[in-house]
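For reference, the structure is listed below as structure tokens.
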Amino acid sequence: MPKLMLALDVLDESEAIKISEETSEYVDCIKIGYPLVLATDLGIIKRIKEKTNKEVICDFKVADIPATNEKIARLTLNYADGIICQGFVGLDSVKAIINVAEEYKQVGNSKKVIMVTEMSHEGAKSFMQPIANEIAKMAGKLNVDGIVAPSTRPTRLKELKEIANNAFVISPGVGAQGGDLQEVLKVLDENDYVIVGRAIYLNENPKESAKKYKELL
Ligand code: FNU
């Protein structure tokens, strides 16, 4: 049974707090990205953690040179329990983030580095899909904690999970993007996460929707 990760891409702090509190009974982890952080500030991570007591992962899909990745990771992991980065930028850029996470680990603060392999949208087929297996191999080599792989393509999800076999998978695409949850459940296990955003936070009753997804999982 995979876990449920809420993608909290709302643009208003009080709405974000309300939804995260209402759904926290059913949600295992909260993912926050540019929409909410840019609409508020980085401290929103801390405020949501305080209200919900959940792990918060920052989806910044960091994709820069090592020196800049390092700065972004240090600022982000000061608040978040984990950070999402892009793999296509190559080994040294991802390693720079892992090194920052290691520093936190050394002082007893566990931080997760999660690397995108192939994205869930249609456009990812053009440039990302042809190199995604190589990116997943790099995930294994670097020993990242987790990878992002698409629920919109369960066959690819299976392949990427197998290639990066020691990493857990967080998988977006169920709900608003039309991914088939039953197919996804054949691939993911108890270490993995199904990411659901709009199908929960845009529902007229986010709590009921989160409950439904938790039960389906
Ligand atoms: P929902 N997301 C994604 N596809 O959708 N991080 C990817 O390949 C990827 C992501 C994020 O569609 C997206 O930004 F790498 O409303 C959003 O936060 O359920 C969430 O996953 C999906 O949200």
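Residue 1 is the first one shown; counting continues down the chain.
Keep in mind that glycine also has a Cβ here, set from the backbone N, Cα and C atoms.
Just so it is clear, the model here is predicted, and its values are computed rather than measured.
What TrEMBL lists as active site, for OMPdecase activity is D59 (among others). Sequence-distant neighbours of D59 (active site, for OMPdecase activity) (same chain, 6+ apart, CB under 8 A from its CB) are A7, K31, I32, G33, Y34, I84. In the three-state DSSP classification, D59 (active site, for OMPdecase activity) falls within a strand.
Cβ neighbours of K61 (active site, for OMPdecase activity) (same chain, under 8 Å, six or more residues apart in sequence): G33, I84, C85, Q86, V116. If you look up TrEMBL, you'll see K61 (among others) marked as active site, for OMPdecase activity.
Summarising the annotation, TrEMBL assigns active site, for OMPdecase activity to D64 (among others). With a 10 A radius on its CB, D64 (active site, for OMPdecase activity) counts 16 other CB atoms from all the protein chains.
DSSP assigns S120 (substrate binding site) to coil, not to a helix or a strand. Taking Cβ-Cβ distances under 8 Å and a sequence separation of 6 or more, the neighbours of S120 (substrate binding site) in its chain are P150, S151, T152, R153, S171, P172, G173, Q177, G179. Annotated substrate binding site per TrEMBL: D9, K31, S120, G197, R198, in sequence order.
Here TrEMBL flags 3-213 as domain 'Orotidine 5'-phosphate decarboxylase'.
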Q: For G197 (substrate binding site) and D64 (active site, for OMPdecase activity), determine the Cα separation and express it in whole Å.
A: 26
(Q) For a quick check of understanding: among the binding-site residues K31, R198, which residue's Cβ has the most other Cβ atoms within 10 Å? (A) K31
Q. What is the number of other Cβ atoms found within 10 Å of the Cβ of D9 (substrate binding site)?
A. 18
